[in-house]
């Protein structure tokens with residue numbers, strides 16, 4: 001017995017299936033990518049569009065239109081069959097797939113945060129260089145070494161001076 005509107009041939013008993021169906025009893029739907037009587041026609045949908053099994057008409061993904069889904073939505077339109085119109089505010093652009101999205105270089109709920117500003121802020125917030133601390137430490141150590149050398153020479157000279165005075169007294 002033929003299903004889904006298929007007709008039985010009175011002579012052979014074979015089913016003549018309606019478009020979109022196949023198999024001995026017309027119970028198997030066309031596989032993806034085929035359509036028509038006994039699913040013998042190949043679908044020609046592009047860009048991810050789905051083919052209707054009965055007549056091969058394409059159901060385009062959002063952002064695409066045309067009989068084979070080869071045309072992108074016109075400027076200012078988006079979504080299924082490009083039927084929705086965009087009314088984008090400042091710093092927004094109309095995406096053919098999802099409607100208003102932030103213009104390149106902007107982010108945030110209202111697209112009012114510049115990404116460039118964030119990168120500048122990021123660089124400003126980076127820790128400062130330690131070169132000043134290193135130079136300061138080197139200068140301090142050098143100064144301490146010079147002071148120690150001066151003290152050693154001072155005491156050496158004083159000891160020599162005291163030795164001379166003691167030698168003169170005795």
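Placement of Cβ uses the backbone N, Cα and C atoms for every residue, glycine included.
Nobody curates TrEMBL annotations by hand; they come from automatic prediction.
Taken from TrEMBL as is:
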type	residues	note
DISULFID	17-26	disulfide bond
DISULFID	60-69	disulfide bond
DOMAIN	1-27	domain 'EGF-like'
DOMAIN	35-70	domain 'EGF-like'
TRANSMEM	133-155	transmembrane segment
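Where TrEMBL records a feature, it is marked here on the structure.
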| residue | record | DSSP (3 states) |
| --- | --- | --- |
| 17 | disulfide bond | coil |
| 26 | disulfide bond | coil |
| 60 | disulfide bond | coil |
| 69 | disulfide bond | coil |
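Remark: residue 26 (disulfide bond) has 2, 3, 4, 5, 6, 15, 17, 18 as non-local neighbours, by Cβ distance under 8 Å and separation of at least 6 in sequence. Beyond the transmembrane segment (133-155), no same-chain residue lying 6 or more positions past its ends has a Cβ under 8 Å from any Cβ of the stretch.
Cβ neighbours of residue 60 (disulfide bond) (same chain, under 8 Å, six or more residues apart in sequence): 45, 47, 49, 66, 69, 80, 81. Of the listed disulfide-bonded residues, namely 17, 69, the sparsest CB environment within 10 A is found at 69.
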